[in-house]
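Structure first, then comments.
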Amino acid sequence: MALRTLVSKRTLATGLGFRQQLRGLQTFSLPDLPYDYGALDPPISGDIMQLHHQKHHQTYITNYNKALEQLDDAISKGDAPTVAKLHSAIKFNGGGHINHSIFWKNLTPVREGGGEPPKGSLGWAIDTNFGSLDALVKRMSAEGAALQGSGWVWLGVDKELKRLVVETTANQDPLVSKGANLVPLLGIDVWEHAYYLQLKKGFIVRVDELLYMNVLKSLLPPVIFHDIDVLESHFYEYKNVRPDYLKNIWKVINWKYANDVYEKEYP
């Protein structure tokens, strides 16, 4: 049985990025970002974005494609135990690809409207369902910070109940795992790889580099490092403090994209 009979056309929609391979098997490729890696500074540094996109997202895609190819082979051989065994790998890595493909679109540089309050029907729906945008932001930030382990916090729309919902999902589970009627409008990655390496200097600092800087500071006049300290203050430092990351990511949230998705569901 070919993979195309197992996966809906909507799953393979443009934006997730896929390429054609042998036997009609459709596998996925890393989608381009709609902005430069450094465009979200200072809330998210360019180095974090590059690592997150090129390493973490690419790893999910690589493992997803591998699992899909193994699934296609197992189905063609009628190997039911292997088909069942591959379920968790497909869910985890496929979810990682789907979630990150949404996440990149949920962000945009400040100069291109990042952080601007939602307009149109979504803004009205937020006020109706949560009281205000500020109340929604506080709720999503609190639920994201409280999520044990790794996962995502979502703003979605329930197509059956016709209302907005806030949900969290563990690991790389997509929002649809909470209900087939849920459509993601905004997803925030609260895995530590989204923020834990970000330091004030705006780039990843290795331990030996930190030691080297400390040695230099002990040898050179303090005035030389005064300007460096001032420069560092213009960047955000999260390390592994999730609430700080959740506080600042709203400055680059692309509410226009979320509103466009919402209006497609409710034109």
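Counting starts with 1 at the first residue shown.
A Cβ is built for glycine as well, from the same backbone N, Cα and C atoms used for every other residue.
Unlike curated entries, TrEMBL annotations are predicted automatically.
Quantities reported herein were computed from a predicted structural model and do not represent experimental measurements.
Lifted from TrEMBL, the feature list:
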- H52, H100, D189, H193: Mn(2+) binding site (BINDING)
- 27-107: domain 'Manganese/iron superoxide dismutase N-terminal' (DOMAIN)
- 118-200: domain 'Manganese/iron superoxide dismutase C-terminal' (DOMAIN)
- 228-259: domain 'Manganese/iron superoxide dismutase C-terminal' (DOMAIN)
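Of all Cβ atoms in the protein chains displayed, 23 besides its own lie within 10 Å of the Cβ of H52 (Mn(2+) binding site). Summarised as a single figure, the pLDDT of the domain 'Manganese/iron superoxide dismutase C-terminal' (228-259) averages 73. All protein chains included, D189 (Mn(2+) binding site) registers 26 other Cβ atoms within 10 Å of its own Cβ. H100 (Mn(2+) binding site) is surrounded by 26 other CB atoms, counting those within 10 A of its CB over all protein chains shown.
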